[in-house]
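Features as listed in Swiss-Prot:
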type	residues	note
ACT_SITE	273	active site, proton acceptor
BINDING	10, 11, 12, 13, 14, 41, 67, 68, 69, 70, 71, 72, 73, 94	ATP binding site
BINDING	213, 216, 218	Mg(2+) binding site
DOMAIN	1-132	domain 'DAGKc'
C-alpha cells in the first residue's frame with residue numbers, strides 16, 4: 001500500500017520559489033511511491049489547522065515547506081496527538097534554524113531527497129504554557145528582531161536583515177528583572193536576554209549551543225545578565241564562534257523544566273515569531289517528533305549515542 005504524504009506550504013516563503021516548483025515536487029514524491037497532495041496556507045494558524053486535519057485523515061507523512069514559523073505551526077497541529085506522522089522539512093524561510101540544525105539542504109529537491117531516502121530521528125520539542133516549539137523560545141528586546149524586521153528588507157538581503165535590525169536595536173536595550181527557576185535552581189536578577197534552545201542553531205547563530213543534543217530531553221538555558229553595550233557586543237562576537245559560554249555575564253545551563261516570570265511586560269519569541277508574554281512555564285518533551293534527516297547528523301554527534309535509531313543507520 002502506497003504511503004500518503006501531505007505538503008503544507010507557505011506560498012510566500014522564499015520569494016514564492018516552492019509555489020513555482022510544486023508540480024515538480026509532487027512528481028518527485030509520486031515517483032518515490034508517495035500518494036501526495038498539497039495545501040497552501042493563507043494566514044497565521046492555517047498550517048496548524050491543516051496539520052490537525054491531516055492527522056484525522058491518517059497521513060503517513062507531513063511535509064512543512066516554509067520558514068521556522070510554518071514548521072512551528074505544523075508541529076503545534078500534531079504535538080498533542082498519539083500516533084503522530086513523520087515530519088519532513090523543506091526550508092524556505094529567511095534563516096531556517098531547524099533545517100540548519102538537522103543539515104537539511106536548502107534546495108527543494110535536495111530536501112525532498114532526504115525525505116525519500118527515509119532516514120529519520122526523534123527529536124525533542126518544547127512546551128510553553130499551552131503551545132509547542134521546535135527550536136527556541138526567548139525573551140528580551142533583541143529577541144524581537146525576527147518578527148520586527150520588515151518583510152521587504154528580508155526579501156532583499158535575506159538573513160542579513162536580522163543583523164541590520166539587531167544592531168539598530170542594540171543602543172535601546174534595557175535589562176529587566178527576571179526570576180528564572182530551572183530544575184531546582186533559581187536566577188533572580190537583571191538580564192538583557194534569555195534563550196531556551198533545543199538545537200545548536202538559534203537566530204542564525206549556528207554555534208549558540210555548541211554542545212547541543214537534539215534528543216537528550218534538556219533545554220539549553222542561556223541568560224545574558226545586565227551588560228553595557230561593549231560587553232554585549234563582545235558576547236555576540238563570541239557567540240558567533242561558540243566561545244560565549246564561559247563569559248562572566250553569561251549563564252549557560254541545561255534543564256528539563258523552566259519557569260520564568262517578571263514584573264516587567266516582556267514579550268516572548270517562539271521559533272522566530274511573537275509568542276505572547278511572561279509568565280511562562282517550559283517543559284521539554286523528549287524525543288517527541290520523528291523527523292526525516294540526513295544520515296550524517298549521527299556523525300556530527302547531534303543525536304545521543306544511546307538514542308540512535310535503526311532507520312538512521314545505513315545497512
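Yeah, the Cβs are placed from backbone N, Cα and C, and that goes for glycine too.
Annotated features, which come from Swiss-Prot, shown on the structure.
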residue	record	Cβ contacts under 8 Å, 6 or more apart
10	ATP binding site	18, 40, 41, 47, 65, 66, 67, 69, 70, 92
12	ATP binding site	none
14	ATP binding site	92, 93
71	ATP binding site	64, 89, 98, 134, 271
218	Mg(2+) binding site	124, 254, 255, 256, 284
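Looking just at the domain 'DAGKc' (1-132), the mean pLDDT is 95. Residue 73 (ATP binding site) is 10 Å away from the residue listed as 'active site, proton acceptor' when you measure Cα to Cα. The recorded positions in question are 73, 216, 273, and the one with the fewest Cβ neighbours inside 10 Å is 273. Under the three-state DSSP scheme, residue 67 (ATP binding site) falls in the coil class.
Comparing the binding-site residues 67, 69 by how many other C-beta atoms lie within 10 angstroms of each C-beta, the top residue is 67. Each residue contributes its Cα atom, and for residue 213 (Mg(2+) binding site) and residue 73 (ATP binding site) these two points are 23 Å apart.
Cα-Cα distance from residue 73 (ATP binding site) to residue 216 (Mg(2+) binding site): 23 Å (rounded to the nearest whole number). Around residue 213 (Mg(2+) binding site), a 10 Å sphere centred on its CB holds 21 further CB atoms from the protein chains shown. Those residues noted as binding ATP (10, 11, 12, 13, 14, 41, 67, 68, 69, 70, 71, 72, 73, 94) have their most widely separated CA atoms at a distance of 17 Å. Sitting within 8 Å of the Cβ centre of 213, 216, 218, and not among those site residues for Mg(2+), are the Cβ atoms of 124, 212, 214, 215, 217, 254, 304. Look at residue 12 (ATP binding site): DSSP puts it in coil.
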